[in-house]
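Step one of this worksheet: look at the structure below.
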Amino acid sequence: MDDSLRSIRKNEHIQLALDTYQSGGTDFDKVQLIHQSIPSINKNQINLSMTFPHFTFNHPIYINAMTGGSERASLINKHLAQIARECDIPMAVGSTHSALKDTHAESSFTVVREENPNGIIFSNVGADIGYKLAQKSIELLGANALQIHVNAPQELIMPEGDTEFEHWLNNIQEIQEHIDVPVIIKEVGFGMSAETIQKIKDIGIQYVDISGRGGTNFADIENRRRPLQDMSFLNQWGQSTVQSLLEASILGTDINLLASGGVKNPLDAIKSIVLGADAVGMSGYVLKHLEEFGVTETITHMKQFIDQLYIIANLLNASNISDLREVGYVLSPDLQSYVEQRNKAIQRFK
């Protein structure tokens with residue numbers, strides 16, 4: 001794709017992500033956590049840090065992959081990096097493909113490390129590239145990990161999408177074997193099945209971001225870019241974040257589980273952790289707040305968000321992430337039915 005067209009597409013994605021942002025449409029309201037009336041801990045005794053094999057998140061949230069590759073994206077990434085730095089949370093950039101093909105686009109990504117020199121930063125590539133370009137993406141940011149996004153529905157709906165997928169799994173495995181930072185396989189808002197998670201685990205990947213339906217909707221975004229906008233029937237394709245977490249729970253694998261997709265408040269984040277997530281990512285939520293209120297107010301808002309995670313943990317009598325995993329919850333009838341039906345299918349291939 002021509003670099004100027006790629007930049008135009010990046011800006012279209014940003015604007016459409018803002019235009020299509022919605023405050024509802026997730027399954028988080030179908031999960032009820034069980035309140036505990038007499039907590040045995042104080043709020044200042046709670047520690048919600050999460051230690052992974054390769055790094056530690058001081059708080060269990062991160063800013064997820066969004067953008068890069070245009071002037072507008074550069075300013076957004078600069079501000080997101082400032083938010084991540086001031087809130088002491090990790091950050092992922094959007095796909096670095098534009099910078100790997102055009103050095104003029106590099107600054108829209110390197111600004112993240114310039115603004116946040118000591119933070120945890122994830123670089124991002126697609127599953128269609130080889131390990132040498134993946135390594136270049138890591139070096140571009142001095143990245144602590146590499147997200148490889150898997151976005152088949154987006155590519156198939158995208159007017160100029162790449163519809164050759166047969167080499168994806170081999171590419172992922174080759175990248176995993178040749179780079180020296182952890183690989184995170186990341187969906188882009190369509191959720192992950194237990195079968196997919198097992199397939200990823202089988203080739204040695206230790207991290208997945210299930211990125212479920214309910215947040216930034218790339219099916220809707222790409223359909224709006226089609227001349228006839230004729231594929232809206234796929235706008236609700238995939239599993240929600242809650243369904244994806246339940247898939248992982250049924251599977252029972254020990255993979256490091258990151259959750260994103262439609263997280264719009266601290267309660268959604270805590271519910272994700274209760275259902276098995278090790279940490280929770282947000283993209284559209286942060287971008288929308290940044291665009292409406294600016295960087296300074298968004299920093300204040302995200303610090304309040306973090307504090308409210310501790311308030312909810314206190315209400316659940318949970319002093320750490322492990323305690324949150326033991327919290328009682330009730331699923332709505334349709335989610336319970338989903339679990340029962342999927343459990344039968346998953347047990348057949350385990």
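Every residue gets a Cβ built from N, Cα and C, even glycine.
Just one of LYS30, LYS186, LYS344 is listed by TrEMBL for the same FMN site as ALA65, MET66, THR67, SER95, ASN124, SER211, THR216, GLY262, VAL263, LYS264, SER283, GLY284, and that one is LYS186.
Cβ neighbour count for ALA65 (FMN binding site) (all protein chains, 10 Å cutoff from its Cβ): 26. Under the three-state DSSP scheme, SER211 (FMN binding site) falls in the coil class.
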